[in-house]
Each structure stands twice: as structure tokens, then as C-alpha cells.
Amino acid sequence: MKFVATLIACGLSGLALAAPTATVNSLGKRAADDAAFGYASLNGGTTGGAGGTTTTVSSYAAFTAAVSSDAKKVVYVSGPIKQSAKQVKVGSNTSIIGKDSTAVLEGFGLLVKEKSNVIIRNLGVKKVLAENGDAIGIQYSNNVWVDHVDVSSDRDHDKDYYDGLIDVTHAADYVTISNSYIHDHWKASLVGHSDNNGDEDKGHLRVTYANNYWSNINSRAPSLRFGTGHIYNSYFENVSDGINTRDGAQVLVESNQFVGSSKALYSTDDGYAVERDNDFGGAKNTALQGTLTTVPYSYSLLGSSKVKSAVVGVAGQTLKF
């Protein structure tokens, strides 16, 4: 059975329609023309560097220089770049796109701070030490689309050896994380960094997680404080502690499948959730009942029984440019 939800909030019009999941055969054709969806499609939309200059880089120095300004630009990454360094700061109006699956940043991550209109697609980021920050950090920023990325570390070290894979903090807003492979990590993705930051975060931190493959994760898949989350069409494999809603967060969880999880959907510190058509694989939903039943954009649901076949092998760096 195919589940389809079309949810339009009152007072909003002209929202771009998008199909979050592409078939394998259509990925290459659609890669260059795909548009941001979910929360990143709101607030004027997220177009990155469309219409700006185009550059291809293959070294750390060239990459750092290419992404820094706020001018419209598309930066293609060709091949791997390895450097043990602090996060590279990304300017507004930027698209960072890996040309293929070899475009991997190792040892350093990306920081989108006090910026807007940023797209990160088809890029790998791995093994960023905690002292160097998150693999992808989004702070004080709005309209960011992270799509078809492969982010990971390992679990051979203790939980504090690496920091987060994709963290959205300090009142960041209108963010979508989609079609991504998030794996082999202790604490994967955090929305809202502190129980004491409610004054700044409340009314912000609107994040969509769609069509993602989470694998071999200990916790934070994701963990949300204060904000609003929509998590759908995702496959969770060997994720011990999955979706954690806390500190008043409201989360809508739909059409997901969990295999090998201890806690699929749960609440600490009074977080809330509404769940529909999820296969928790024997784990339980212990979150407090929430009120988030609709979101202000259109989307399509796969149905929990179809998520694995649609997401595994498609999520991650599967595009070519």
C-alpha cells in the first residue's frame, strides 16, 4: 500500500513541490535540477549558488578559498581531500557539490555559521576529530539543504573522540537533511545543543530529515531540543538510541523502519512526538504524545514496508555531476 500525504498549511502558497525519493535510474538525470524540499523550501527557498560562478577544486587550499565568500557560487569537489584541520567556514549563497563518490573530505568538516542559502550535496565527510568540530555544523543560519551526503567516523574510539556528524544549533532554521547515509558513529545528529539555550532556540530549529539511511549509530539519530522536526521515509539499522525528543521539541515521525534498535522513539526532558506508520522492529515509542500533525509543505510517504528497498543503495553519494 502506498501512503501519500499532501499537507499544506493555511496562509502559505506557492511552495515548490518535490519528490524526495528518486529511482536509481533517474538519479543522474535529476541530479543537477533537483530542488530543495521540506523546511529548506520555505522562507524564500534554498537555491545555493545557482546562477553564480562555477569552480572545481581538488585541494584543501583551493577548497577553503572557493567556499568562503558570500557571492553566488557553485563549488564542485573532485576526488578526495585529506587534511587534519578545523571546520572550513562556508559563505552564504553557496552550493558545494561532490562530482562523484570519490569526493570525500577527511579530517576536516564544514561550518555554516551566521549564513543563509547553502546547499551541500553528494559529498563525503569522515573522521573529523572532536577538537576540529563537527563533520557538518549549522549555527545561527537559515535555509540550508544537506542532500546525498555520506558522513561517518568509526566506533573504535570512545564516544568523545569525534563530535557530531550533522549538528544544527544556535537557532538555525529552515534546514533539510535528505537522502543521506549517516553511519558508524557514537552521537550522530543533534538539533539544539543545550538544555539551557531555550531562550535562543524556541521558535527556530525547524528541521526535515527525509529518506536517510542511519546505520551503526549509538545515539542522536537524531536528538532534538526545543525545535520542530519532521522525520520520514528513513531506514534505521543497528541504531541503539534513535529519535530523542526533549525540552519541548515537537516531532512528526512517519513511514520509517527500525531494525536492531533498543529505543526507536523516546523522550527525555519532556519532548513530544506524533508517530504514524512506523515499524519499530520490536522497540517501543515512549515519547510523550505531541501536537505536530501537519507541516507547511508537500511531501510523499513511501510506507514503512517499502523504506529499506527505496533508501538503501540510494542514500549517500550516489549522484554524478
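Any Cβ shown, glycine's included, is placed from N, Cα and C.
Here Swiss-Prot flags 1-18 as signal peptide, drawing on sequence analysis.
Every protein chain considered, the tally of other Cβ atoms within 10 Å of the Cβ of Asn93 (N-linked glycosylation site) stands at 21. The feature N-linked glycosylation site is assigned by Swiss-Prot to Asn93 (among others).
For Asp134 (Ca(2+) binding site), the same-chain residues lying six or more positions away in sequence with a CB closer than 8 A to its CB are Gln87, Gly109, Leu111, Val128, Asp163, Gly164, Leu165, Ile166, Asp167. Annotation source Swiss-Prot lists Ca(2+) binding site at Asp134, Asp163, Asp167, citing similarity to another entry.
In the shown protein chains, 25 other C-beta atoms lie within 10 A of the C-beta of Arg220 (active site). Under the heading active site, Swiss-Prot lists Arg220, citing sequence analysis as support.
Within 10 Å of the C-beta of Asn238 (N-linked glycosylation site) we count 15 further C-beta atoms, all protein chains included. The N-linked glycosylation site annotation in Swiss-Prot covers Asn238 (among others) and rests on sequence analysis.
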When you tally the Cβ atoms that lie within 10 Å of each candidate's Cβ, which of the binding-site residues (Asp163, Asp167) has the highest tally?
Asp167
Cα distance (Å, whole number) from Arg220 (active site) to Asn238 (N-linked glycosylation site):
13
